[in-house]
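Step one of this worksheet: look at the structure below.
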């Protein structure tokens with residue numbers, strides 16, 4: 001069965017679905033018409049599922065935008081002319097989209113607009129763990145936070161309907177555990193919405209020049225109080241059980257609270273909150289009846305802060321337990337044991353600490369590494385050789401992508417990683433600071449998708465200010481780390497709709513870069529020659545230069561080979577030529593090449609993909625292919641996801 005077939009299954013069935021796929025299904029049940037997103041874990045599968053649905057149903061319109069700001073602006077545009085729209089991103093993506101997020105909150109919309117923020121507590125795949133419910137507080141955008149995957153489907157559906165009702169955007173906040181859980185989901189009916197776009201010129205309504213923005217601000221605040229009252233009747237908010245102590249649980253925190261309460265057999269009143277911002281007025285008033293209140297939420301004390309503020313305004317002496325008094329951690333994911341201990345302590349219930357038996361096993365380390373056959377490995381190897389040969393002091397300004405794995409030995413080509421696109425802009429700042437040092441060279445390393453996301457403006461800044469910076473763009477024809485989504489440098493089709501390919505070299509030269517080298521990342525000698533030429537240009541002319549290192553993602557090439565029936569060769573070691581020098585498994589560090597007891601190399605045939613990089617690296621010619629296949633060599637240099 002196709003990966004996302006369940007999102008278009010008929011109503012009345014129950015299917016085991018990924019949380020993100022359930023959200024996509026909820027949008028389809030609410031008549032979504034327009035989707036624009038940028039991939040980022042843990043949000044990506046929502047739009048992937050919608051993309052699949054669109055290819056089968058013919059609706060909704062789905063696009064992978066160049067970045068989150070553009071995605072939200074595109075969706076906002078559709079919502080301003082009456083369509084039901086969605087924009088999805090990971091939590092840090094909302095930082096990129098913050099400008100239109102705040103502005104569309106002022107303008108409001110004519111159709112419906114839902115922004116999904118997939119937050120990542122404990123940073124499983126992110127550089128921070130910001131809680132984007134705070135964006136809702138700051139921008140006066142209502143926040144809906146589901147308590148599980150089934151509720152996430154319903155929340156997606158309701159968020160579109162309530163956005164249309166309020167004529168305001170809504171932020172749907174999920175976390176990693178909801179996004180990536182798999183549970184049975186009950187399916188409702190798909191609803192193709194027939195909203196027809198309309199637009200009537202009205203600058204007072206649709207522009208944010210200061211005169212009109214002031215009026216929008218006043219209306220926004222008036223609507224905020226109306227929304228707070230209406231959220232009291234939001235169907236996913238619940239008050240359950242009965243006790244003298246109130247437990248307020250928001251989002252996934254509800255699951256932790258309910259499990260702990262069940263284990264402790266505690267008599268409490270549970271306030272299940274699915275609309276944390278603004279907190280429903282009915283809930284806030286009801287909580288003034290309690291002397292002790294426990295607040296369980298993942299992330300910052302967003303709900304707790306509103307409760308404390310309301311109690312203070314009512315001169316209440318109620319004791320509130322949560323993150324603000326240190327009862328729960330403000331970092332990381334919630335933990336059942338700490339939730340159980342907190343509830344037990346407040347209710348004077350003895351909680352037996354569970355002892356975890358620690359089994360002593362000598363488990364070999366498994367650090368994250370670049371895949372066998374990854375073109376980044378051969379290029380990093382070539383880059384390090386060029387740097388060493390020219391005896392310069394490199395500072396590597398890194399970025400967000402698979403190449404972030406270059407931080408580890410033996411390559412160590414990521415000295416700084418800040419945020420998407422910062423490799424060039426931060427690198428430019430470092431290079432300017434070291435401009436008087438002729439032996440220090442700053443090397444910015446960025447991927448193709450990240451370059452289109454936020455590297456273009458950074459490169460313009462470097463060129464405009466004539467900063468001596470060596471920029472490496474690793475072009476593997478995909479957004480690899482998040483699952484091979486397309487980007488403007490690929491082109492191709494979505495269903496029958498053609499996407500135009502944007503030429504990276506054309507963009508670079510159009511910006512004004514005078515020295516541009518395009519190299520084959522799988523050809524180490526070619527990579528060295530092009531990189532050395534660019535490096536010497538930077539050192540001699542004190543201007544920026546760019547190297548585009550091109551080679552397909554090995555996983556995409558393998559998938560295309562399977563589809564096309566192309567045989568993939570393997571490499572073996574000629575032991576008569578192997579001297580046990582170790583270059584292949586230390587300096588090159590291919591995961592398919594292992595060290596035998598005698599120090600000689602051995603290739604694991606289950607990992608080898610026949611890329612031929614080892615053959616180029618070995619100075620003794622000890623690596624030989626089982627056969628040659630020109631079609632496979634071509635796929636390694638051209639394969640794109642489809």
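Residue 1 is the first one shown; counting continues down the chain.
Every residue, even glycine, has its Cβ placed from backbone N, Cα and C.
In TrEMBL this protein carries:
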type: DOMAIN; residues: 569-598; note: domain '4Fe-4S ferredoxin-type'
type: BINDING; residues: 578, 581, 584, 618; note: [4Fe-4S] cluster 1 binding site
type: BINDING; residues: 590, 608, 611, 614; note: [4Fe-4S] cluster 2 binding site
type: DOMAIN; residues: 599-628; note: domain '4Fe-4S ferredoxin-type'
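All features noted in TrEMBL, drawn onto the structure.
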residue: 578; record: [4Fe-4S] cluster 1 binding site; Cβ contacts under 8 Å, 6 or more apart: 600, 601, 620, 622
residue: 581; record: [4Fe-4S] cluster 1 binding site; Cβ contacts under 8 Å, 6 or more apart: 619, 620
residue: 584; record: [4Fe-4S] cluster 1 binding site; Cβ contacts under 8 Å, 6 or more apart: 590, 593, 601, 614, 617, 618, 623
residue: 608; record: [4Fe-4S] cluster 2 binding site; Cβ contacts under 8 Å, 6 or more apart: 372, 373, 570, 571, 592
residue: 611; record: [4Fe-4S] cluster 2 binding site; Cβ contacts under 8 Å, 6 or more apart: 372, 373, 378, 522, 554, 636
* Look up residue 581 ([4Fe-4S] cluster 1 binding site) in the DSSP assignment and report helix, strand or coil. => coil
* Around the [4Fe-4S] cluster 2 site recorded as 590, 608, 611, 614, what other same-chain residues have a C-beta within 8 angstroms of the site's C-beta center? -> 372, 373, 571, 592, 593, 603, 609, 610, 612, 613, 623
* To do: Sort residue 590 ([4Fe-4S] cluster 2 binding site) into helix, strand or coil using the DSSP assignment.
  => coil
* Structure fact -> residue 608 ([4Fe-4S] cluster 2 binding site), DSSP three-state class -> coil
* Asked: According to DSSP, which kind of secondary structure is residue 614 ([4Fe-4S] cluster 2 binding site) found in, if we only use helix, strand and coil?
  -> helix
* When a 10 Å sphere is centred on the Cβ of residue 618 ([4Fe-4S] cluster 1 binding site), how many other Cβ atoms does it contain? -> 22
* Structure fact -> Rounded mean pLDDT within the domain '4Fe-4S ferredoxin-type' (569-598) lands at 96
